[in-house]
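What TrEMBL says about this one:
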DOMAIN    B:46-328  domain 'AB hydrolase-1'
ACT_SITE  B:152  active site, nucleophile
BINDING   B:221, B:349  substrate binding site
ACT_SITE  B:315  active site
ACT_SITE  B:348  active site
């Protein structure tokens, strides 16, 4: 456990006043699950907020139990002496609104009916997620964050934070993300959506008492896995190796890549909720930083924090040109913005893998600002 | 109907002797459906074979009826005065083995049982498809083809023709294709495979008397459509336009790109057979020109015909580097090979869209050879 954030415990806070969604819908109580690493300084000036991606959780670092196999999702980045050094910083990660890992979402029980929300839960947008995170930060008594950082859908939250609460942070670190996903990314999400909703066991979202739409969710996840990799990553990882359990010409024969997708697709169904997957895809699809703010330039104009934008050369889900777009606007507006395009074959997943590069870039960015 | 191949009729030939598949399996009779455009010269020296792609058919040009809405799939290329000029050439296109448009395949009735083959049909490889095409060419009394041309999976057949029957053609024109698809392409095919086989109505392939696995096949086709386009093509075609039949925050709201996928996915199920789709994906996955021939160089070495290789810059299903690989080998071996990478945003679909470029390249290639 050297350099580890150690054993951590999820914490919960329930806000018992109305929570209004961007859509106008309201629920009467919201629970937020979060974890923290390091110690909050007396003047509460050393906090960093880390935002998780599509299927992540508040468990960003350390272990829940000593015998846990895998640490939190960004453990390589958060811990004593690491990029987000818990000897210096108080790092917070909260499970976003609409998720299934402790924060209120479609798989939660609706207190007004005593039944699971299912698809009666309001669509939770990235703006809504950030709104709940803001409540958490207020609840912790923090007035200004040193940084808001995150990759992929986490990066969308970072951008939304910067535009909605521009005085709340010194820096923003959006990684492998965009102000609005491409129609190609939406197309992938469509495959996932159809897979789940056309699984007869989905039952319009009311499957909690019956059979779970395992196949639909597994296929949805398989489609996701394609987008997290890249052509070179597929070539390096699998090539055309065949896991010939019956033979090349056998109707049921499999290539290794298919085995990988199947294994990971079905494994995912053991931990993730199908309705939740539909909701988080929806949030990803409809996120548009410019929405309700005029143009993208108008939205970016709101940001005050120094911003380190990071993209990945082989990311075809969030291609680098999307990051470049934001960077160009920021530069044009005279903002303190920096853009680095990591040269990596890992594709979108690089934000979870290219730690050395991320570490170098973020350390330098922090050091230059005396953080 | 100016410049059109006009009204054409599918023709059929049934070979009543055993047909051995590459796998070793045998069926006792095979029917081949084909169409021809133009007139076969007396010395039978003006024939061009055109090979169709994954979900295509023998209907490459002209119309089946005067009131037919859409002509054959390569109508812009085949007809009087067109690239494959039917005033000069006798153009043949046959529906490949294992398809559902007239040639024997999984949706055909097995004469030995009186029932549809379903997944009892042998896996039909690209080599098997070419073997049946060769029987057809022999049946037509043609000893040498002027050209074998085709895109995507049609291009795989072109390459296989060149290596298996090197003396049977003067030229080869493989377009937007490869000697073996990438693991990323296999991954997409996996999504399709799981979608179909996990649809409960699929019923292990015996759905012909009952309900058709419409949802599974539609989702499979949707995944395919993603790969036929490209990031810029998605941006140009759809952007982030919303077909808000209920509203942005509505759980069931759709982006236009999703509407497109859904419409085309379900439309496809009206004309295509689900088992057939599984078979043709399988053929695509397992095709490897080098298989049983040593290395790829050894396989390419067999080719004698002058070869015009064409790729598409934005094709991420069959990326240009795959064509470059073959080209490099051919050049190293001193073959008469030419490679042209069409600059196009259309993605893989460009072989069905970039007619001007294709026309220019092929005309020049033919003219240089006095064809």
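Just so it is clear, glycine is given a Cβ too, placed from its N, Cα and C backbone atoms.
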Residue among recorded positions B:221, B:348, B:349 with Cα closest to the Cα of residue B:315 (active site): B:348
Residue with minimal Cβ packing [other Cβ atoms within 10 Å] among the recorded positions B:315, B:349: B:349
Which same-chain residues, if any, lie at least 6 apart from the residue listed as 'active site, nucleophile' yet have Cβ under 8 Å of it: B:53, B:54, B:175, B:176, B:177, B:317, B:318, B:348, B:351
Spatial neighbours of residue B:221 (substrate binding site) that are distant in sequence (at least 6 apart) but have CB under 8 A: B:192, B:264, B:265, B:268, B:269, B:272, B:277
Protein Cβ atoms within 10 Å of residue B:348 (active site), excluding its own: 25
